[in-house]
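Participant: Sharing a structure below in structure tokens format, with a few things to ask.
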Amino acid sequence: MGEAVEVMFGNGFPEIHKATSPTQTLHSNQQDCHWYEETIDDDLKWSFALNSVLHQGTSEYQDIALLDTKRFGKVLVIDGKMQSAERDEFIYHECLIHPALLFHPNPKTVFIMGGGEGSAAREILKHTTIEKVVMCDIDQEVVDFCRRFLTVNSDAFCNKKLELVIKDAKAELEKREEKFDIIVGDLADPVEGGPCYQLYTKSFYQNILKPKLSPNGIFVTQAGPAGIFTHKEVFTSIYNTMKQVFKYVKAYTAHVPSFADTWGWVMASDHEFDVEVDEMDRRIEERVNGELMYLNAPSFVSAATLNKTISLALEKETEVYSEENARFIHGHGVAYRHI
């Protein structure tokens with residue numbers, strides 16, 4: 001068996017190596033493995049056996065890697081944090097995209113902040129009501145290598161309804177005159193020195209994002225880990241921040257195996273957006289092309305039924321996310337090395 005060995009970049013992003021010794025080989029003909037280790041906290045790491053490293057480097061904005069893992073297939077890693085895995089990304093992306101679109105009476109236009117791998121756009125474009133999707137990602141390099149290697153999303157990138165913009169989502173959303181039925185935050189986790197944390201702040205939600213929502217418009221964002229031990233990292237503060245800006249806010253969670261944790265999303269609007277279970281399933285049947293692999297009405301009801309610990313934490317949270325008072329996931333972005 002191989003041993004996971006890290007050689008760390010200056011900002012803590014691990015380079016993957018292979019180490020061997022006679023005691024690590026169970027059989028004389030067994031191949032040693034490369035392993036990737038993700039640091040979850042100072043005293044906790046997850047390890048993933050690799051087939052190969054498809055891409056690894058540093059763009060202008062973030063450290064990026066695309067790994068071919070034995071268990072989860074191709075995996076996108078940004079600033080040392082797994083963002084998406086081929087085998088189970090459908091859980092994350094179906095939960096991120098479909099509830100908001102199904103709760104809206106007739107969604108036609110969507111703006112995606114981030115989403116460079118193309119999976120969010122793929123799910124949105126399954127909806128027959130959609131006329132236009134703007135996907136705005138800051139990092140051309142991420143988009144380019146995802147288009148090359150994540151072929152499952154090739155149809156989305158070629159769809160005439162998709163407008164791809166390489167730019168800071170905050171600046172792009174601010175300059176646009178149109179309004180959108182749905183705005184999606186498919187952003188990397190907020191890490192210190194990363195490019196995304198400003199897009200989780202109250203000032204951004206209130207002054208830039210909310211004015212770009214059409215009547216009945218819904219905003220939904222990924223909100224980080226939401227497990228028993230991890231929900232206070234950013235999940236509860238993102239939820240509370242959105243409560244300061246929107247009249248109706250709903251949090252929901254699901255377990256994502258490749259993240260080794262429960263994940264959280266938060267949806268918000270100034271217009272009530274709940275629908276009955278039967279109506280939600282009816283809309284899936286009428287509006288969505290193809291079969292969803294994870295989400296149906298009962299599974300969403302389950303996702304939005306939070307356990308006592310998480311419910312109380314959301315209720316008691318007082319922190320409001322701001323540039324001066326930001327919470328971060330463990331780790332550092334590219335800009336941190338220049339601080």
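Backbone N, Cα and C define each Cβ position, glycine as well.
Positions annotated as active site, proton acceptor by Swiss-Prot, on the basis of similarity to another entry: D186. Residues or ranges marked as S-adenosyl 3-(methylsulfanyl)propylamine binding site in Swiss-Prot: Q62, E117, D137, D168, A169. Here Swiss-Prot flags 33-270 as domain 'PABS'.
I would like each feature placed in context: is it buried or exposed, what are its neighbours, and how far apart are things?
Facilitator: Note on D186 (active site, proton acceptor): other Cβ atoms within 10 Å of its Cβ, all shown chains, come to 26.
Annotation note: D137 (S-adenosyl 3-(methylsulfanyl)propylamine binding site) sits in a strand segment as assigned by DSSP.
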Participant: Fill in the CA-CA distance, D137 (S-adenosyl 3-(methylsulfanyl)propylamine binding site) to D186 (active site, proton acceptor), as an integer in Å.
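Facilitator: Spelling it out, the Cα of D137 (S-adenosyl 3-(methylsulfanyl)propylamine binding site) and the Cα of D186 (active site, proton acceptor) are 9 Å apart.
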Participant: Tell me, by DSSP, whether D186 (active site, proton acceptor) is helix, strand or coil?
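Facilitator: The residue in question, D186 (active site, proton acceptor), is strand (DSSP, three-state).
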